[in-house]
Amino acid sequence: KEGYLVELGTGCKYECFKLGDNDYCLRECKARYGKGAGGYCYAFGCWCTQLYEQAVVWPLKNKTCR
């Protein structure tokens with residue numbers, strides 16, 4: 001599974017500005033989803049890869065980013 005890293009409290013994607021390989025996104029994806037996860041910056045949001053199927057990613061139901 002893959003998807004955008006989401007702030008569970010707000011429903012917002014984690015923003016990033018250095019597209020492609022991005023240490024911040026990689027670190028945050030691993031912190032949320034475990035050391036097997038990957039991550040990079042895609043369309044100014046942290047995109048996480050190699051996730052387990054039940055991983056929660058953006059968009060969240062009933063939560064819109066404001």
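Just so you know, glycine gets a Cβ as well, placed from its N, Cα and C.
Owing to the predicted nature of the structure, the values given are computational and were not obtained by experimental measurement.
Here Swiss-Prot flags CYS12-CYS65, CYS16-CYS41, CYS25-CYS46, CYS29-CYS48 as disulfide bond. What Swiss-Prot lists as domain 'LCN-type CS-alpha/beta' is 1-66.
Swiss-Prot feature annotations superimposed on the structure.
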residue: CYS12; record: disulfide bond; DSSP class: coil
residue: CYS25; record: disulfide bond; DSSP class: helix
residue: CYS41; record: disulfide bond; DSSP class: strand
residue: CYS46; record: disulfide bond; DSSP class: strand
residue: CYS65; record: disulfide bond; DSSP class: coil
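Around the Cβ of CYS48 (disulfide bond), a 10 Å sphere holds 28 further Cβ atoms from the protein chains shown. Considering only the disulfide-bonded residues CYS29, CYS46, CYS48, CYS65, the residue whose Cα is spatially closest to the Cα of CYS16 (disulfide bond) is CYS46. Around the Cβ of CYS16 (disulfide bond), the number of neighbouring Cβ atoms within 10 Å comes to 22. The CA atom of CYS41 (disulfide bond) is located 15 Å away from the CA atom of CYS12 (disulfide bond).
Packing around CYS29 (disulfide bond) is summarised by its Cβ count: 25 other Cβ atoms lie within 10 angstroms of its Cβ, all protein chains included.
Using Cα positions, the member of the disulfide-bonded residues CYS12, CYS46, CYS65 nearest to CYS29 (disulfide bond) is identified as CYS46. Of all the disulfide-bonded residues listed (CYS12, CYS25, CYS41, CYS46, CYS65), CYS65 has the fewest other CB atoms within 10 A of its CB.
Take the Cα of CYS65 (disulfide bond) and measure to each of the disulfide-bonded residues CYS25, CYS46, CYS48: the nearest one is CYS46. Cα of CYS46 (disulfide bond) to Cα of CYS12 (disulfide bond): a span of 11 Å.
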